[in-house]
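Trainee: I grabbed these lines from TrEMBL:
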- H485: active site, proton acceptor (ACT_SITE)
- K90, G154, T183, G184, S185, D353, M359, L360, A361, H362: FAD binding site (BINDING)
- G220, A221, G222, Y223, I224, G225, L226, E227, E243, G312: NAD(+) binding site (BINDING)
- 44-368: domain 'FAD/NAD(P)-binding' (DOMAIN)
- 387-496: domain 'Pyridine nucleotide-disulphide oxidoreductase dimerisation' (DOMAIN)
Amino acid sequence: MAMASLARKKALYFSSNLCKSSSSSFKYSFSVSRGFASGSDENDVVIIGGGPGGYVAAIKAAQLGLKTTCIEKRGALGGTCLNVGCIPSKALLHSSHMYHEAKHGFANHGVKVSNVEVDLPAMLGQKDKAVSNLTRGIEGLFKKNKVTYVKGYGKLISPSEVSVENNEGENTVVKGKNIIIATGSDVKPLPGITIDEKKIVSSTGALSLSEIPKKLVVIGAGYIGLELGSVWGRLGSEVTVVEFASDIVPSMDGEIRKQFQRSLEKQKMKFMLKTKVVGVDTSGEGVKLTVEPAAGGDQTTLEADVVLVSAGRTPFTAGLGLDKIGVEMDKMGRIPVNERFGTNVPGVFAIGDVIPGPMLAHKAEEDGVACVEYIAGKVGHVDYDLVPGVCYTHPEVASIGKTEEQVKTLGVEYRVGKFPFMANSRAKAIDNAEGLVKIIAEKESDKILGVHIMAPNAGELIHEAVLAMQYGASSEDIARTCHAHPTMSEALKEAAMATYDKAIHI
């Protein structure tokens with residue numbers, strides 16, 4: 001089956017479902033910077049929130065010739081993702097992996113080191129430096145594209161006016177023909193558990209612990225909890241993950257998830273599944289958690305130096321004046337939008353984590369671009385079936401499209417092709433061969449329905465599959481595409497060969 005033509009791609013581009021998304025654009029407005037737009041100086045677009053959804057929307061709007069102002073409360077652009085989420089967590093994941101490799105892996109490669117130690121302040125300093133450089137970089141992009149940046153808390157007072165209060169308590173009004181709400185999300189609280197960012201921390205506090213806890217309990221076995229649990233586990237913490245559900249990362253393909261959990265358990269991460277926290281005691285030096293089976297039963301006590309609450313995120317829509325201007329919200333505090341990201345109030349739009357859909361930074365960026373393209377009179381496009389997800393542990397797990405369980409539920413006849421990295425020459429050469437590639441394709445047409453990868457660099461490998469699926473490719477299309485040797489990406493080619501025919505190297 002030949003690869004889809006560019007013409008076909010364009011047809012798919014403009015006909016596919018536009019929808020909603022979500023953003024990792026976190027927090028929202030901020031203190032004052034570079035002056036406010038005056039009351040009489042109306043903008044084409046005003047964006048409340050400077051995270052991945054908001055700042056990308058602002059830059060794209062300016063590039064399209066729209067006069068644009070972005071309001072952000074944090075005092076630094078990039079939202080939760082850049083400041084206390086995606087970026088700092090990946091910095092610590094990399095640094096902790098380097099330490100772990102130096103202590104446990106270098107000797108296998110003939111590199112002998114002794115007295116390997118963790119310098120936690122230096123490690124945290126490297127993380128903070130990366131964040132600072134990137135936030136300043138966004139400010140530079142704002143200047144380059146002539147986006148007005150206002151630091152302050154933004155609140156809608158009409159469908160075309162935003163009241164902004166800066167950190168000094170001063171107020172001004174920013175006017176705009178179109179308002180985009182891109183305020184992102186916040187940590188989802190758990191009843192009866194108070195986060196103090198010392199003993200009981202959110203993901204924000206877990207990125208800045210002053211010392212390595214001897215015992216860390218993570219409440220929630222999602223991507224964030226597993227990533228941060230991995231960081232501190234590598235540095236020496238005894239990590240126990242408590243999860244109410246019967247599986248870790250429920251959205252993950254079942255076969256991949258089982259292998260992933262086994263891998264984490266080999267790294268000494270402990271799991272208590274189908275378990276709920278029913279009590280918390282912080283009166284002593286550490287924390288005592290009372291837990292019991294999710295279905296009820298005998299209670300037990302877990303002791304920890306630090307407890308990380310990682311039970312998900314919730315849209316940040318409170319205090320924005322949405323009710324005052326009549327913007328509708330659902331029971332979960334999200335803002336329903338139409339295919340153009342418009343709310344029920346004309347001229348008011350919403351993107352990212354505040355609307356239904358997965359809370360992912362890259363999805364929010366796509367929201368932002370599409371939304372301002374519509375505002376500018378162009379056609380925007382986001383294909384929400386083709387947004388990759390990545391868990392940045394070691395090994396990483398990345399996926400695109402449907403899981404095998406989802407395909408079964410749809411009643412579609414399908415084929416599965418798999419290839420282990422143990423049979424990949426590059427993976428064996430570098431002694432990093434844990435994981436596999438799994439491809440699911442429709443039986444009759446061979447069209448790829450889903451790709452799931454567990455590998456050290458799965459987050460990079462997945463994008464070949466994303467592009468292939470964007471073009472409606474078959475597994476044979478990938479299998480007949482020449483891949484350089486030796487590379488990890490050859491495992492994707494071999495899995496594709498196994499899907500429509502037979503792999504060579506297994």
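Indices start at 1 and increase along the chain as displayed.
Just so it is clear, glycine is given a Cβ too, placed from its N, Cα and C backbone atoms.
So that I understand the layout, could you describe where these features sit and how close they are to other parts?
Mentor: There are 10 other Cβ atoms within 10 Å of the Cβ belonging to H485 (active site, proton acceptor).
If you draw a 10 Å sphere around the CB of K90 (FAD binding site), it holds 16 other CB atoms from the protein chains shown.
Counting every protein chain shown, 23 other Cβ atoms lie within 10 Å of the Cβ of I224 (NAD(+) binding site).
Note on the domain 'FAD/NAD(P)-binding' (44-368): mean pLDDT across this stretch is 97.
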Trainee: Can you tell me the CA-to-CA distance separating E243 (NAD(+) binding site) and M359 (FAD binding site), as a whole number of Å?
Mentor: 20
Trainee: Specify the count of other C-beta atoms within 10 Å of the C-beta of E243 (NAD(+) binding site).
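Mentor: The answer is 25.
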Trainee: Of the residues in the domain 'Pyridine nucleotide-disulphide oxidoreductase dimerisation' (387-496), how many are helix, strand and coil by DSSP?
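Mentor: With helix first, then strand, then coil, the domain 'Pyridine nucleotide-disulphide oxidoreductase dimerisation' (387-496) has 40 helix, 33 strand, 37 coil.
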Trainee: For I224 (NAD(+) binding site), identify the closest of the recorded positions K90, S185, A361, H485, judging by Cα separation.
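Mentor: Ranked by Cα distance from I224 (NAD(+) binding site), first place goes to K90.
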Trainee: I need the least crowded one of these binding-site residues (L226, M359, A361), counting other C-beta atoms within 10 angstroms of each C-beta.
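Mentor: Lowest Cβ count within 10 Å among the binding-site residues (L226, M359, A361) is M359.
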Trainee: Given the recorded positions K90, T183, S185, M359, H485, state which is nearest to L226 (NAD(+) binding site) when distance is taken between Cα atoms.
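Mentor: Out of the listed candidates, the nearest Cα belongs to K90.
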Trainee: Find the longest CA to CA distance in the recorded NAD(+)-binding set G220, A221, G222, Y223, I224, G225, L226, E227, E243, G312; express it in Å as a whole number.
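Mentor: Pairwise Cα check on G220, A221, G222, Y223, I224, G225, L226, E227, E243, G312 gives a maximum of 15 Å.
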Trainee: Setting G220, A221, G222, Y223, I224, G225, L226, E227, E243, G312 aside, what same-chain residues sit with their Cβ within 8 Å of the center of the Cβ atoms that define the NAD(+) site, listed in sequence order?
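Mentor: Checked against the 8 Å cutoff, the neighbours are V218, G229, V241, I248, V249, S310.
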